[in-house]
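Encoded as structure tokens, the structure appears first; notes follow it.
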Amino acid sequence: MNRTRSDSLAAGGLNWDSLPLRLFAGGNAKFWDPADIDFSRDRADWESLSTMERDWATRLCAEFIAGEEAVTQDIQPFMAAMRAEGRLGDEMYLTQFAFEEAKHTQVFRMWLDAVGITEDLQGYLDDLPAYRQMFYEELPASLDALATDPSPQAQVRASVTYNHVIEGMMALTGYYAWHRICVDRHILPGMQELVRRIGDDERRHMAWGTFTCRRHVAADDANWTVFEDRMNELIPLALQNTDDAFALYDEIPFGLTIEEFQQYAADKGMRRFGTISSARGRPLAEIDVDYTPLHLEDSFADEDRKALAASA
């Protein structure tokens, strides 16, 4: 595609108050280096766990690192879709988004190395059919589709798949599991810091996905149906992944229950409908500077902090 102009040279410059560029600035301000996280105490804590506890936590970590790797590889077409739409601010933010996903892959691998897990972990995913369908089929298919069809409808489907269901349900539920394991027992301080850092990054990722869907729903109400249909298609798959993981164990370690995690995941998924619905009929100019998507993710984080503090 030939370049005909540079948006950064346009009269008035860039709108730094637009949500994508606010997210971009936030990522710059909160930059962190995986090499700065101290994993030195985690090895002893890890070895103090029972064999079943280590197996459960290894599977959880395998799900995370494979997911981070998948998004690092699959997110590129969304950048191209933003370029095709002429949205430089979104394209700038997505370059940061992709970098952060690569960094998340790095830091989970560093943690595995630090606690001495160096064997092939692929088998931990072979037992999770819903996970494999989500990450091996639904995610690449929905994002790859943007390479040939960058339409609003395709963008909404891709955003629902990754930002709302994978990040907004599955990953949030996984972070909650790590908090329950680590905070309740006062163990694995390196993992606690890792999850805190990644969670902060991914709140911005989810906010961008919510913003993107709200933008398209405000522009064309037919996109609300696209959002609803894709959410209703994938939410059962996300909940099935929790069932699959818990079903592998006769006794669930760490005092966790499947009911707690199913309720947690379902709550995070269902509350996203209202935030998208609130954009219907709104002027696009308002949506661009409406920080509701970020406030939603911050409220989820605040609720988790309070719940975990109460259980500690």
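Even glycines carry a Cβ here, placed using N, Cα and C.
Annotated in Swiss-Prot:
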type	residues	note
BINDING	Glu68, Glu101, His104	Mn(2+) binding site
BINDING	Glu101, Glu167, Glu202, His205	Fe cation binding site
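Neighbour list (Glu68 (Mn(2+) binding site), Cβ cut-off 8 Å, at least 6 residues apart, same chain): Glu101, Ala102, His104, Thr105, Phe108. Classification of Glu101 (Mn(2+) binding site) by DSSP places it within a helix. For His104 (Mn(2+) binding site), the count of additional Cβ atoms within 10 Å of its Cβ stands at 24 [all protein chains shown]. Neighbour count (other Cβ atoms within 10 Å of the Cβ, all protein chains): 23 for Glu202 (Fe cation binding site).
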